[in-house]
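Peer 1: I have a structure I would like to understand better, so I am pasting it below and will then ask my questions one at a time.
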Amino acid sequence: MKISGFVYLILITTIINLSFSEANNYCKIKCRSGIHTLCKFGISTKPNCGKNVVKGSGLTKAEKLEILKQHNEFRQKVARGLETRGKPGPQPPAKSMNTLVWNDELAQIAQVWASQCKYGHDDCRNTAKHSVGQNIAQQSTTAASFGSVSNMVQMWADEVKNYQYGSTKNKLIEVGHYTQMVWAKTKEIGCGSIKYIENGWHRHYLVCNYGPAGNIGNEPIYEKK
């Protein structure tokens with residue numbers, strides 16, 4: 001269905017290179033800065049959006065499967081050297097790239113953060129197992145409808161058009177979602193979302209957490225074949 005009205009999409013990425021403890025108590029898990037999301041807000045995923053009108057919280061099983069499928073199909077495409085886009089393209093094939101699996105702990109942390117209706121990155125989201133990276137997106141429209149999660153994931157993947165493998169001139173703000181999506185060493189993903197109305201805008205906010213984190217220093221996104 002075509003969405004009428006004015007639509008814009010905001011994307012932010014981040015570089016994560018954080019330490020973590022083995023403790024299950026999230027208040028004891030250390031990050032570069034800030035308090036862990038589950039320590040600060042608790043484990044409840046109940047929306048905490050103030051005066052904003054919440055229209056939907058959490059991902060359906062079908063949406064979770066679609067997000068995972070999109071990521072793995074795109075990772076496979078890049079790894080096989082079939083991605084022709086780039087600056088310049090094509091992207092080189094990879095020696096190896098993990099197949100992502102869904103992680104409920106990462107998803108819970110993502111959902112708790114999404115449920116705050118505060119667009120931006122949380123300060124600390126590590127687990128006892130992993131340093132954790134994050135992609136976020138928010139689609140907003142004046143129409144009485146909400147964009148799909150698959151559209152937002154596709155926007156992350158489409159950043160490949162700005163990426164040159166191995167170049168030091170890549171700008172994270174332009175390619176950071178793509179590089180996290182195809183970070184070869186990442187093994188797990190978990191996401192959360194919320195739909196709400198704010199000052200007449202229908203907003204759909206998606207948060208995806210990745211473990212272990214990508215976008216680490218000067219490491220390559222993957223080793224080319």
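Glycine residues also receive a Cβ, built from the backbone N, Cα and C atoms like all the rest.
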Peer 1: Consult Swiss-Prot and report which candidate among Cys39, Cys49 shares a disulfide bond with Cys27.
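Peer 2: That record, Swiss-Prot, gives the partner as Cys39.
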Peer 1: Cys117 forms a disulfide with which residue in Swiss-Prot, given the options Cys49, Cys124?
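Peer 2: Between Cys117 and one of Cys49, Cys124, Swiss-Prot records a disulfide, namely with Cys49.
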Peer 1: Would you report the average pLDDT that the model assigns to the domain 'SCP' (69-210)?
Peer 2: 97
Peer 1: Measuring Cα to Cα, how many Å separate Cys39 (disulfide bond) from Cys31 (disulfide bond)?
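Peer 2: With the alpha carbons as reference points, the distance is 12 Å.
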Peer 1: Other than its own, how many Cβ atoms are within 10 Å of the Cβ belonging to Cys27 (disulfide bond)?
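Peer 2: Cys27 (disulfide bond): 10 neighbouring Cβ atoms within 10 Å.
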